[in-house]
Amino acid sequence: MTSMKNPIDVKESISPKVEENYSKWGKVWPVLFFLLLGIGHAILQKLAFILEADGLPKYGYHKFRKPWFITTLTFLGMACATPVYAIVQFIEAKNGHIWPTIQSLSFKEYAEFAIPAFSDAFENIISAVCIAFVGVSIDSMMKSGTLIGVSLISRFFFKILYPKYKWWSIAVVFFALIMVGAAGIINSKSSSTITTGPLWTGVIIVLKLVSQLGYSVRISYEEYFTQIKGYHPVMICGLEGTWTFIMTGLVFMPMVQFLPSEEGNGIHEDSFDSFLMMGNNHVIIITVVLLWACGLSYNCVSTVLIGRTSAIIHTLVEAFRTFLIWMIQFMMFYSFRTNENLYQYRLLGEEWEMGSYIQLAGFIIMNIGILAYNGVPHYPCFRYKTDEERAEEAKVKLEGGNLDDIDKVKKPDLDETHENTETTDITAEAIDNHSDNSDSDNVSVRSMSIDSSYGTESDDPEDPR
């Protein structure tokens, strides 16, 4: 992530941010399509993993459990957004909107997309494995670990300070994730929809939690690309997809082809077998084509959502999508298992087991933590910034400065040095230099989905900050 490290010469390396006043519908439709396409993509992935067909003779008649192939296919769909962007550019130009062209990007700017692409590749393959062996609901709930990843990156990489209520909220979300993971391990002993034992279920869940650090890097960069650099969402989707397709299709797929392990266990995967299975089952072909289309449209809509709202809104919408997916899966399992024609598709759903009570409690606690992180509601044991303080900071930011950062120019950080030092005067040159760098500070803070107004907020009511 060195390309986002402070300070950055914003005026030279960052295109002017595209200011858009979106209508209410302009912000609502990305949410609706994100929910619909996200649910559809998750269900289609699960469907692909339970379909069966003949492949290579040595494997016999078996399930299309190909997480690496499905992940690569999704990224191929994203990569196809690159030629689509040429059409979008032409249409937008006729309407008077000029967007940056791919040809205008420098090599450094193009290479920036490799960072979120690698993070996305890691998260997506773990997600596919989790869906194949553990379940869609567990995978979706564990995505809330993004909040923890974003916060830790901001704190330890960008040195952003947090008020106590945010740390408390992060701890609540982490505890909730442990509950959700424990529920998956408990259910693996009896659930027919979890296809691996407790040990491997635990390993997959831990990897899923770790992979959310990569996912937080991706959505943070996407917010940086859309809201700071002013790139079009379709271009972002296409360039990220190109990088991820190169990584998975040309590097990872050949590697797993020759790894010494059993076919269909998420480690070894025979690509020749995958194409033979598609040729022997037309339902697999239809599912694969739909997954490709979802890979293109869903990721574009996801980027639009971040560009028109924020990465934290993206996280909240994902939490609601998780609830919808879970309810749909319960309905599918209990309706399909009593229907002779649909019985074989019951594994698309999820059954209620003893661990589901823990999972439900974890999901509720998780959402309480996410809301608390955003200051909803205000708990009396914590200090929150007043409306007047926020209004004053917003006024300063509009004028090109930042109260907290100017305070840092005025005086050393007494909290860290614990020494009394004299306050230095602010010269005109110092303010000019700070103004040049303040945008880069906001790039870092904003891109990590944390409002810079929280950067030095304290829970102590007596703190003059």
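Positions of Cβ are set from backbone N, Cα and C atoms, glycine also.
Residues or ranges marked as transmembrane segment in TrEMBL: 28-47, 68-91, 165-186, 198-221, 233-253, 283-307, 319-336, 356-376. If you look up TrEMBL, you'll see 407-421 marked as compositional bias 'Basic and acidic residues'. Annotation source TrEMBL lists region 'Disordered' at 407-465. If you look up TrEMBL, you'll see 446-456 marked as compositional bias 'Polar residues'.
Most Cβ pairs under 8 Å to the transmembrane segment (356-376), among the stretches 28-47, 68-91, 165-186, 283-307, belong to 165-186. Segment contact is absent for the transmembrane segment (319-336) and the transmembrane segment (68-91), given fewer than three CB pairs below 8 angstroms at sequence separation of 6 or more. Packing against the transmembrane segment (68-91) from elsewhere in the chain are residues 41, 45, 48-49, 99, 101-102, 121, 124-125, 128, 232, 234-235, 237-242, 244-245, 248-249, 252-253, 256, 269, 271, 274, 288, 291-297, 299-300: each is 6 or more residues past its ends and has a CB under 8 Å from a CB in it.
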